[in-house]
Amino acid sequence: MAQASRVLSLVNEKWQLNLALEEALVGGAAIDATGTALPSETMALCEKADAILLGAVGGPKWDNLPPAERPEKAGLLAIRSKLDLFGNLRPALLYPQLADASSLKPELVAGLDILIVRELTGGIYFGQPRGIRELEGGERQGYNTYVYSESEIRRIGKVAFELARKRGGRLCSVDKANVLEVTMLWREVIQDMAKDYPDVELSHMYVDNAAMQLVRAPKQFDVMVTGNMFGDILSDAAAMLTGSIGMLPSASLDVNGKGMYEPCHGSAPDIAGQNKANPLATILSVAMMLRYSLNQAEAAQAIEDAVSRVLDRGLRTADIAAEGEAVVSTTEMGDAVIQEFQ
Ligand code: NAD
Ligand code: IPM
Ligand code: MN
């Protein structure tokens, strides 16, 4: 976040965007300081902002709190839900300079450009009832409910079809319609929408096959649309194709284009505080914010170009470095991006 904020401040000045940047606590930091993962001042700031940049929440320190108080549910999911940020865009784009950092052979990922459109405020993450209950006999049972209404499917479908139309014209809807009724309805609704988008080639795929195809031949995909949990899992897998989860930004949008922007990765507890994390996913999330919520495509492009040039210059944090290659720190990577603007 520190590196992304620096880049945002610089771009704000250089393009005279007149953005007022305000900071607020969320997640574990907010629990430590105020006792709650989403203080009302933070929520009020999010409500009045045109766009939100979010650092990842969660970590071992808060893992034993009751589910409803944890940073993930009480912080992150609460903001997503309260602001109705249902449309989550996760672009898995391979920077050609990183073809060797991908876990797949370079020829399988050269030119890779997939957009995962994940439904973010429904599905099994939010379905009721949910909980852990005691069964007769004393054994406990955990349960969640996987639900989607037609209107929820239609609005995420619309996001995906519209984006597919502007990109490669292909949309793959991912479900588990061979087993789960909720996704039988999902498939039916998405299929029905296809008649309004004759220019988009629609296909359907079961999620298990989609996971396999992503690591077998990922370039077959253009836009993928799926529910909350499948999208969470598939986007982490897609991230690795681009070299590292440290490269994957995201946008979470409401119907009007207001959005929250965050890297797809989490708080990386195994390397936190060591100045090792790759800041590019968060920096690229700033670019998405400028493009999708603030209508500043030129400034967004400038950030993406700066990232590309930094990769051209061979700068690599540990996660994207080839074996034996020199490694830079989080701050050095931030410095390098900033230098591109001087
Ligand atoms: P994670 O994404 O934090 O880490 C998974 C692996 O990827 C780790 O080895 C980590 O070091 C590496 N990694 C992640 N980001 C990196 C970066 N920028 N540079 C280099 N390496 C990076 O996922 P996890 O370990 O499953 O979760 C850790 C915590 O983060 C949990 O509390 C989880 O709930 C939370 N989380 C939060 C968000 C969010 O706030 N958006 C997203 C995912 C996970
Ligand atoms: C993500 C994260 C979150 C999710 C967690 C932290 C709640 O994994 O943004 O991908 O599952 O949506
Ligand atoms: Mn995730």
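The backbone N, Cα and C atoms fix where each Cβ goes, and this holds for glycine too.
If you check TrEMBL, you get these features:
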- 59-72, 266-278: NAD(+) binding site (BINDING)
- Arg80, Arg90, Arg118, Asp208: substrate binding site (BINDING)
- Asp208, Asp232, Asp236: Mg(2+) binding site (BINDING)
- 1-337: domain 'Isopropylmalate dehydrogenase-like' (DOMAIN)
- Tyr125: site 'Important for catalysis' (SITE)
- Lys176: site 'Important for catalysis' (SITE)
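Secondary structure at Pro71 (NAD(+) binding site), as computed by DSSP, is helix. Counting other CB atoms no more than 10 Å from each candidate's CB, the recorded positions Arg80, Arg90, Arg118, Lys176 peak at Arg118. In sequence order, Val207, Ala211, Met229, Phe230, Gly231, Ile233, Leu234, Ser235, Ala237 are the same-chain residues whose CB sits within 8 A of the CB centroid of Asp208, Asp232, Asp236, the residues recorded for Mg(2+) being left out.
Closest in space to Asp63 (NAD(+) binding site), of the binding-site residues given as Arg118, Asp208, Asp232, is Asp232, taking the CA atom of each residue. In this entry, Arg80, Arg90, Arg118, Asp208 make up the residues listed for substrate, with the farthest two CA atoms of the set 27 Å from each other. Proximity of the binding-site residues (Gly59, Asp208, Ala268) to ligand 1: a Cβ under 6 Å from the molecule is found for Gly59, Ala268. Put simply, Arg80 (substrate binding site) is 17 Å from Pro67 (NAD(+) binding site) when counted between their Cα atoms.
Residue density at Gly59 (NAD(+) binding site): 16 other Cβ atoms are found within 10 A of its Cβ, drawing on all protein chains shown. Closest by Cα distance to Asp208 (substrate binding site), from the recorded positions Lys176, Asp232, Asp236, Ala268, is Lys176. Proximity of the recorded positions (Pro71, Arg80, Arg90, Lys176, Ala268) to ligand 3: a Cβ under 6 Å from the molecule is found for none of them. Of all the recorded positions in the record (Tyr125, Lys176, Asp232, Ala272, Lys276), the one with the smallest CA separation from Arg90 (substrate binding site) is Asp232.
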